[in-house]
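**Q** Have a look at the structure that comes next, please.
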Amino acid sequence: MNSTNSGPPDSGSATGVVPTPDEIASLLQVEHLLDQRWPETRIDPSLTRISALMDLLGSPQRSYPSIHIAGTNGKTSVARMVDALVTALHRRTGRTTSPHLQSPVERISIDGKPISPAQYVATYREIEPLVALIDQQSQASAGKGGPAMSKFEVLTAMAFAAFADAPVDVAVVEVGMGGRWDATNVINAPVAVITPISIDHVDYLGADIAGIAGEKAGIITRAPDGSPDTVAVIGRQVPKVMEVLLAESVRADASVAREDSEFAVLRRQIAVGGQVLQLQGLGGVYSDIYLPLHGEHQAHNAVLALASVEAFFGAGAQRQLDGDAVRAGFAAVTSPGRLERMRSAPTVFIDAAHNPAGASALAQTLAHEFDFRFLVGVLSVLGDKDVDGILAALEPVFDSVVVTHNGSPRALDVEALALAAGERFGPDRVRTAENLRDAIDVATSLVDDAAADPDVAGDAFSRTGIVITGSVVTAGAARTLFGRDPQ
């Protein structure tokens, strides 16, 4: 695959400093240690361990206010938009998101950039003795042999400690999974953001959407005495979910701002490299906003982020955020792995869609914002996902699909994915490849052949494309193959 680079990603380039081999080795060692703990997909409904660790660390999460983001789809994009807006308003930010695409350092960002491998390792080593103490206490608790701290709990503690050390003015905190029992819920955020909720992580959160909403609504917490009410900023939801979220907001005495009621997307126009928006915020109308991301769903993410930042700064009917700062913030937004272009001629996109809702948003964007005449999907999906739902959403926009394996032990094997794809696409439209690199080569051959077809030719390669999708792991692995640095 001549157009890609198979070397390891430069885990520190986003900071402007290239990490040394020793620093990379230390980072890998820390990751190995963290991987010995409970994985992020395993939930124990308790905040006892993370709360105890925060107490030992001096409650770093209380040293700055936070904007807390839960939901099913769009959390990371909203978090990155909030980060960019707050930065444009001259506040120092810390941001923690999950999972990472390429390097674990992406999970902890300060001033909009991932911390360096050296900082990541130093932060872990700083809290490591206290983590060991909590492990011992938990395992000895009441003689029951409780669990040690999970990987995500330790990562969350690292982020909160790094933010306090920086120090930051505002933390932008994305929930890992769920909300109520998520390790991030040791904060008491003045602004709780809920992106659209759908069914995902069925093995861990269940298949009852009202129950899922109840878990995610757990981040809407009562404000401390003497503080302004918490504000719940809620994106578009189905009625059953909205009912749960509003009930939780009442319980927490939280003010509520809902999309299409208190804020809305008024207008969007497709533009080169993204879209131009007119948004109704809590403080008024913001016009001529260029967002360098594709898709109607990103416009809704943008207005959700705007309302969240307005709520944080107290904007409302009598006070609007600075319009130039808002425009500058949105113009600076990046969201790696979200319909991100890797190359042109033929066009290659990667997208981290990993559930039916995400796949539907991807398909809608491809159908409405591009003029492809022949499009090939490269697909690897994790085995615990709704594979058929993802395939059903993508089938109308992909002429062919190449199914493969992204290297994750959780990924569905190629044979099983090919069988599922054949049922949706028909066997003639399905190809297989053992690994992602080979799959991209197969897809490239397919678009080369299509470009030579007189029914497609005219704009040739500009009318053919490849989309690599199916999971965050797939998008991250592809990003590394194309030589992109972690962001």
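Cβ from N, Cα, C; glycine included.
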**Q** Pick the one from Ser98, Ser150, Ser198 that Swiss-Prot also lists for the Mg(2+) 1 site with Thr76, Glu174.
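**A** The one candidate that Swiss-Prot places in that Mg(2+) 1 site: Ser98.
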**Q** If Swiss-Prot says Gly74, Lys75, Thr76, Ser77, Asn301, Asp351, Ala352, Ala353, His354 bind ATP, which of Arg62, Arg91, Arg338 does it name for the same site?
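**A** So the ATP site in Swiss-Prot includes Gly74, Lys75, Thr76, Ser77, Asn301, Asp351, Ala352, Ala353, His354 plus, from the candidates Arg62, Arg91, Arg338, Arg338.
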**Q** Using all protein chains in view, find how many other C-beta atoms are within 10 Å of the C-beta of Glu174 (Mg(2+) 1 binding site).
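**A** Summing over all protein chains shown, Glu174 (Mg(2+) 1 binding site) has 24 other Cβ atoms within 10 Å.
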**Q** What other residues of the same chain, not counting Thr76, Ser98, Glu174, have a CB atom within 8 A of the CB centroid of the Mg(2+) 1 site?
**A** Ile69, Lys75, Ala79, Thr96, Thr97, Pro99, Arg107, Val175, Gly176
**Q** To the nearest whole angstrom, what is the C-alpha distance linking Asp384 (Mg(2+) 2 binding site) and Ala353 (ATP binding site)?
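**A** Taking the Cα atoms only, Asp384 (Mg(2+) 2 binding site) lies 14 Å from Ala353 (ATP binding site).
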**Q** Taking only the Cα atoms, work out how far Ser98 (Mg(2+) 1 binding site) lies from Thr76 (ATP binding site), in Å, as a whole number.
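**A** Ser98 (Mg(2+) 1 binding site) and Thr76 (ATP binding site) have their Cα atoms 8 Å apart.
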**Q** These are the binding-site residues: Asp44, Asp182, Ala353. Which one scores highest on other Cβ atoms within 10 Å?
**A** Ala353
**Q** Closest to Gly74 (ATP binding site): which of the binding-site residues Ser46, Lys151, Glu153, Glu174, going by Cα position?
**A** Glu174
**Q** Quick check for you: of the binding-site residues Asp44, Ser46, Glu153, Glu174, Asp182, which have their Cα within 10 Å of the Cα of Thr76 (ATP binding site)?
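**A** The binding-site residues passing the 10 Å Cα test are Glu174.
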